[in-house]
Structures are given as C-alpha cells and as structure tokens.
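Trainee: These came from Swiss-Prot, pasted as-is:
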type: MOD_RES; residues: A2; note: N-acetylalanine
type: MOD_RES; residues: R59; note: citrulline
type: MOD_RES; residues: S77; note: phosphoserine
type: MOD_RES; residues: R140; note: citrulline
type: MOD_RES; residues: K191; note: N6-acetyllysine
Amino acid sequence: MAEVQVLVLDGRGHLLGRLAAIVAKQVLLGRKVVVVRCEGINISGNFYRNKLKYLAFLRKRMNTNPSRGPYHFRAPSRIFWRTVRGMLPHKTKRGQAALDRLKVFDGIPPPYDKKKRMVVPAALKVVRLKPTRKFAYLGRLAHEVGWKYQAVTTTLEEKRKEKAKIHYRKKKQLMRLRKQAEKNVEKKIDKYTQVLKTHGLLV
C-alpha cells in the first residue's frame, strides 16, 4: 500500500471551529494531518467573552474526584486537538484511528520547519470574518488560563524565522548565480540545444 501523504497545515490566521471541522473530515478520510503554529489560531468574538467561556468550562469538574475529569487542556495545540476530538466519533475504533492520524504543535518544530505548509482558504479569518468583527488569539487565551510556555514558544519562533530568512537569502543568491551561468553558456550550447529540441527531448 502506498504511503499516505502528510498534510502540513499552518494554523496561524485560521478560525478555530472551521479549521477543526476540515481537519476532522480529512483524518476520517484517512489523511495524516499535522497542524503547526496553533497559538496563532483565531476565535471569533471578543477576547473577554471567550475568556469567560473558557473559565466557565474550567469550573466543570467531578465534585468528588476532580482528577477523574473532565480534563482542561491549557496549551493551544491541545485545545485545538480537543476541538477536533469533539467532531469525531472518538469512542469508536474508527474515530480513535482518525484521531491518531492528527498531530498538533505550538510553534513549528523540526522537521516541519523545512516542509511546505498549507492554508485552508475556507477557514481563514480574512475570508470568513468581516473586517470590523472582533476576534481573539488562541495563544493569548491559553496563556491567560494557565499555559506557561508562551514566552518560550515566541523565542523559538523568532529564532526559526531568523534562520529561515538566512536560508531564503542564500537560496535567492544561488538562483541568481544559476541564471547567470545559464546565460553565460547559452551561445556555446545552442547547437546542442537545437538538436535536443528536434528530437523532442527539450521543450
């Protein structure tokens, strides 16, 4: 059986529920999905209201033994994971298998920093929300309800961006040199190019 291609999604700028619904559908269909930068996911509605909702959720617990659940995740990646779980039949084998195909991360850890990341236009805030509507960042909400690694994630992201900038600069330089090299030998290899074109080996 052919290996299933991994779909790497950049969570930044997407709406929580819409992205979760699309991800849930994809994992049920058998795709492996990785969502990075979960701290950049948006939630529609102003921040204060969303925080009140989450604080109300934190109060829901088992009176006699709170350690039995429900479990309240604080990290943005886990909050997103739980949202997707709510859209899956996770108590069945099929749902559990689908949930196992999902990976979520805060920031962009290796090896995903070197991979092409995609967006989902149907879930983007700029597409789905009116410009005047209020929204909140999942990272800020998580930080204010107990997530302890916002500063660490921000620092690591800044380092990653700096490395990516240097890599892109080098790549551009190499492309420029390659174009120049091709231009320099264009006249020398022209007769060979024509032969290859006549045989249909070069377009």
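These residue numbers are counts, starting from 1, taken along the chain as shown.
Every residue, even glycine, has its Cβ placed from backbone N, Cα and C.
Given the structure is predicted, the values throughout are model-derived calculations rather than measurements.
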Trainee: Expressed to the nearest Å, what is the distance separating R59 (citrulline) and R140 (citrulline) at their Cα atoms?
Mentor: 20
Trainee: Among all the protein chains here, how many other CB atoms are within 10 A of the CB of R140 (citrulline)?
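Mentor: Neighbour count, Cβ to Cβ under the 10 Å cut-off: 17.
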Trainee: Looking only at C-alpha atoms, tell me how far the residue listed as 'N6-acetyllysine' is from S77 (phosphoserine), rounded to the nearest Å.
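Mentor: Spelling it out, the Cα of the residue listed as 'N6-acetyllysine' and the Cα of S77 (phosphoserine) are 58 Å apart.
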Trainee: If one measures from the C-alpha of R140 (citrulline) to the C-alpha of S77 (phosphoserine), what distance in angstrom results, rounded to a whole number?
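Mentor: Counting only the Cα atoms, the answer is 13 Å.
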Trainee: What number of additional C-beta atoms lies within 10 angstroms of the C-beta atom of K191 (N6-acetyllysine)?
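Mentor: Taking all protein chains shown, K191 (N6-acetyllysine) has 9 Cβ neighbours within 10 Å.
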Trainee: DSSP secondary structure for R59 (citrulline), reduced to helix/strand/coil, please.
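Mentor: It is coil.
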Trainee: At a 10 Å cut-off from the C-beta of S77 (phosphoserine), count the other C-beta atoms across all protein chains.
Mentor: 24
